[in-house]
Amino acid sequence: MSFKPVVALVGRPNVGKSTLFNRLTRSRAALVADFSGLTRDRHYGEGRVGDTPFLVIDTGGFEPVAKDGILAEMARQTRQAIAEADVVVFLVDARAGVNAHDHEIARLLRKSGQQRVLLAVNKAEGMGVGNATGDFHELGLGEPHPISAAHGDGIVDLIEIALSGLVAPPADTGEQLEQDVVDHRIKLAIVGRPNVGKSTLINTLLGEERVIAFDMPGTTRDAIEIDFERDGRKYTLIDTAGLRKRGKVFEAIEKFSVIKTLQAIEASNVVLLMIDAQAEVSEQDAHIAGFVLETGRAVVVAINKWDGLDSDQRERIEREFQRKLRFLGFARMHTISALKGQGVKPLLKSVNAAHAAAFAKLSTPRLTRELQAAVEQQPPPRKGIFRPKMRYAHQGGQNPPLIVIHGNALDAVPDSYRRYLETRFRNAFDLAGTPLRIEFKSSRNPYVQEN
């Protein structure tokens, strides 16, 4: 299996990493903008230059010398992302100039063994190339590239240089996807932050079963896949926890890699997101969940270590989940103990149901009838003198299901009405566990005046 190249954005706080990240991933962000509660502080996303897709990681404000607590854990994960990324873009600030923090990060990059590092000098708009980049040669990371993340100057050239020579994954013809559907094979990624219990759950699922593995070590774009069967259903487990072989049996060891997590999500068609019941729902949980939603993967949520909580603690974690991850309201949620095997069997039933929903075939007549019933019960609101008129609906894609609605003045449909329609379609077609996307196509735009 070949993965998309990974670009890691590194730099001290306030140099423009988030602005660059948003510009690189803006075409994807629009797909999830209407999901209530989805964090806008995204750290992982998909980008594309020409025909080349890639993944982007914003490593956040990097404090390489942090020794304790959450900053130290973030620094450790950033160092791992630097080592595993295909290319690192080190962002500095043209207007602030070089400082000691930049030198510290440059030193770390040189020691990391990462062969592909591009030095991007941001906020260079209105400055001559020499003025913008001159001081940054002293960082010893090659020729600086002046850019403006805010204005878009130099971004395409920067990413084309970053990706040059990297082997992009072959275009998806859909043949393998169709074969997986015919075989009823589910590609399952079990994801979650460190020590959430991924390894325990994987070992519980695999048991002592002898499995077929496709082990392709090499670059970070290679994956380990494990095939197994349960109750006559075929699954392919895509490794994120770190699987090691003992004889003919695989054992999972707890390990966390942001990049391997994102790549496994990309390669899967169902994601099992694990949350630790004995810890707060973290920003990292929300970032991973947001990326799952962005990629359109079906998802099941497993809250692990549930057996160790009293009733008050259980209520607290449920409230916290609803508050921080309410954009995953379509997903089935399970409480489990991976260690004791409690609740694991129903988990796979929900995985199967989410997969079926993601690949559901929705007939045009039935979609249109449901659309008309929804509009009759609650018409879309007017915008000015125009009321959106919805004529018919058809399916535009699977995994996730895409419903295309045709009519007039549909540019005026608010997000609240889109969510109303989504709920109607979900209930009518039993689409639990999968994102559902709705696209409006107007036959004409009444807001454009003809000359």
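Glycine too: its Cβ is placed from the backbone N, Cα and C atoms.
Per Swiss-Prot, domain 'EngA-type G 1' is recorded for 5-170.
Every protein chain shown contributes to the tally, and the Cβ of ASN14 (GTP 1 binding site) ends up with 10 other Cβ atoms within 10 Å. Summarising the annotation, Swiss-Prot assigns GTP 1 binding site to 11-18, 58-62, 122-125.
What Swiss-Prot records for 186-359 is domain 'EngA-type G 2'. Over the domain 'EngA-type G 2' (186-359) the predicted model carries a mean pLDDT of 80.
The C-beta environment of TRP306 (GTP 2 binding site), restricted to residues of the same chain at least 6 apart in sequence and closer than 8 Å, consists of ALA277, ARG314, THR335, ILE336, SER337, GLN342, GLY343. The annotation GTP 2 binding site is assigned in Swiss-Prot to 192-199, 239-243, 304-307 on the grounds of sequence analysis.
Annotation comment: Swiss-Prot describes 360-444 as domain 'KH-like'.
In three-state terms derived from DSSP, LYS17 (GTP 1 binding site) belongs to a helical segment. Taken residue by residue, the domain 'KH-like' (360-444) breaks down under DSSP into 32 helix, 24 strand, 29 coil. Sorting the binding-site residues LYS17, LYS198 by the number of other Cβ atoms within 10 Å puts LYS198 first. Cβ neighbour counts within 10 Å, taken over all protein chains shown, single out THR59 as the most crowded of the binding-site residues THR59, ASN195. Listed in sequence order, LYS198, LEU273, MET274, ILE275, ASP276, ASP285, ILE288 are the same-chain residues at least 6 apart in sequence whose CB falls under 8 Å from the CB of GLY192 (GTP 2 binding site).
In the three-state DSSP scheme, LYS198 (GTP 2 binding site) falls into the helix class.
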